[in-house]
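What TrEMBL records for 13-55, 56-97, 98-139, 140-181, 182-223 is repeat 'WD'. Taken from TrEMBL, the feature region 'Disordered' applies to 308-366, 381-466. Sequence annotations record features per position, and here TrEMBL assigns compositional bias 'Polar residues' to 320-342. Per TrEMBL, the feature compositional bias 'Basic and acidic residues' maps to 343-355. Annotated domain 'Katanin p80 subunit C-terminal' per TrEMBL: 491-648, in sequence order.
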Amino acid sequence: MANPKRSWKLQEFTAHGADVNCLGLGHKSGRVMVTGGEDRKVNLWSVGKAHCIMSLSGHTTTIEAVRFGHAEELVVAGSQSGALKVWDLEQAKILRTLTGHKAGIKSLDFHPYGEYTASGSMDCNVKLWDIRRKGCIYTYKGHTGSVSCLRFSPDGRWIASASEDGLVKLWDLTAGKLITDLKLHKGPVNTVEFHPHELLIASGSNDRTIKFWDLETFQLVSSTEADTNPIRCIAFHPDGMCLYSGGKDVMKVYGWEPIKCYDTVAVGWGEVCDLSITNTQLIAASFNKTNVTSFVVDLEKVGPLGGNGAGSNSFHREPSSLNNSRKSFVTERPPTQSTRQASEPKKVEEPGDKSDDPEDPSGADIQNPAEYRELFQVNSRQAHAAPKKVEKFQPPPEETASSESQPVRQRAVEKKESTNRNVPQRPVERSPQGNRNVPQRPVERSPPPQQQRSPREEPGGINAEDFLPRQPAARAQGATSEDDLHDLVTKGHNPMMTVLAGRSRNLQIVRAMWTSGNTKTAIDSAVSMHDPAVLVDVLNVLNMKTSLWNLDLCTVLLPQLKELLNSKYECYVQAAGQAVKLVMRNLGQTIKNNISSAPSIGVDISREERQRKCTQCYTNLMEIRSMMEKRQDASGKLTNLYKEILLLISTLD
């Protein structure tokens, strides 16, 4: 009987000696993966295998973004310092080191023809790099938030950039200018993808929607309904017939004309990071701490290609979502000379190429030579160019063993355990110096094999006596009651229970004031409680409701945020940092305009009050800035947060 599984976990393994920050799948074969971590290494893997093929070193700060070239012959990695390194996998060596960004790299992509790469950074800029000429061709400026995703169009003429400012920008490479803004998302945009053939682009956002845009009119084609979680990544089917979206623990399949959800598949991949489609299977990967997990979804069992998904019976593998009136990308490569003229640098900015430096510490450590040769050497790549059937990943066998077979397996296990327990007896008998009576002692203590109890026969649940103090006499007399057990279990936890009960009461008070409609009073109450945990809970709500922020709240909360940024608890610092970022994005320009405006003529109480609040906010923000300047060079997870806060506050200058 065919295995009915539609999705399954392929593998989980430890990828780095420190936390993993990013990963990328090879989108040509779907069989290779690259990861970057806080250990400043870039590791290459074969999907489905737990051993590292090659480890690339040379970065001096943590790796924040990685990306394969289209033919999987190059890898580019961007670090927290803003430096990029490009490796040639065939020759197992560093090809280029490119510097110029002022903050960490968050997104990367290769041009379809391979000679160029693009990078998006926390400094809000997009840079186009010429790998051959070792320099920056152009810097595209305009975003006001970190650039979270970059994609070249299939014809190589445009770059699409998605940002935390909620915008998708389209840039013309040959003209070096902005074409248009796509700005109907209501939250940070996490991912953007071009249709493989049509003049169409899709974007996924924290507002939990995917929007489809026509690239002839730059108008919205359609938008999905709000999902339950933010959209992490998206991928068009190679034939362009549908789009797959990855959210937290779920994959959905969409058509866009009209908008339609063909199928939904529950996949326990957590915060999925990348998707690749090959051989009617979707390969996905996610990371958590030092571990990376890969997953497989059988698209032949998922609508619209197959399965029981909505619309699967009417799709029949035909690209029904294609609009015949929409033009297609021209993907034939133009002549080299015209390409070179079209991409002539408008302005060279900080090329900073150090790849020819003989002291460049970058290196490649090939840890699995056989697999490296198979995947990345020339002969293998030439063989790849010819049609080659790639074996599908097989789902794990179903646990459908009958109950009759279980006792047989159990008896085999018991027999093996019995044999293992008797193994130590033989070397004791061979001991020339030992007493002849010694070997008999372990034999007498060992129970006969037929008296051994299997794990299935052991009583389940928790044994209460394991939690009790060692008092054999008391237990023998049956002196322990349920009340005694309860007291023993809860002993030592009373202080924590008291703290949690008090925090719950405080939150109920804040909630009662909040629901009455007076947000300012609720915030004042939370601050007066002098409980950082309560304040952080309130901040987490405010961070999700950005429309609630105003000058009144800023004057109350900014001094508290300054204290929370000094906390030893990472979650407190994260919440406070996110709040500072929201203050700068929503009210930064207002604060700047008011503190730099000329004094009013006559008496204007409301303006004077607004100016007083802005001055107070400015003072607190400058104090936060000085704190961040001292910490921006420290290592750790929060370094990016500190740098982003600094960049935003610098706009007040």
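The backbone N, Cα and C atoms fix where each Cβ goes, and this holds for glycine too.
Taken residue by residue, the repeat 'WD' (13-55) breaks down under DSSP into 0 helix, 23 strand, 20 coil. The residues of the repeat 'WD' (182-223), classed with DSSP into helix (H, G, I), strand (E, B) and coil, number 0 helix, 23 strand, 19 coil.
Helix, strand and coil counts under DSSP for the repeat 'WD' (98-139) come to 0 helix, 23 strand, 19 coil.
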